[in-house]
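Database features, via TrEMBL:
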- 8-98: domain 'Acylphosphatase-like' (DOMAIN)
- 23: active site (ACT_SITE)
- 41: active site (ACT_SITE)
């Protein structure tokens, strides 16, 4: 692990992001980048979650959430909030929450 700051950020993704394997792809991308956190569908038709890990990897994942997503998704907006530096990771892996 580098001496890079660990950060935590909450996200919500809007658009056609349910029923298009968005959570599965988000989990896979998060794991690939070595991040921990979670992702879930909301009753409002959005996808929400939290990312934690080294600042540069979290920023990379934020770009992926804003512009890539799953192949059949159509992202109209990505909101990120509550970004903060953390001393240690509060999750052990990247989970899809049902």
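Every residue gets a Cβ built from N, Cα and C, even glycine.
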Residue pair residue 23 (active site), residue 41 (active site) - Cα distance, angstrom, rounded: 8
Integer mean pLDDT for the domain 'Acylphosphatase-like' (8-98): 98
The domain 'Acylphosphatase-like' (8-98), counted residue by residue under DSSP: helix, strand, coil: 24 helix, 40 strand, 27 coil
Other CB atoms within 10 A, centred on residue 23 (active site): 21
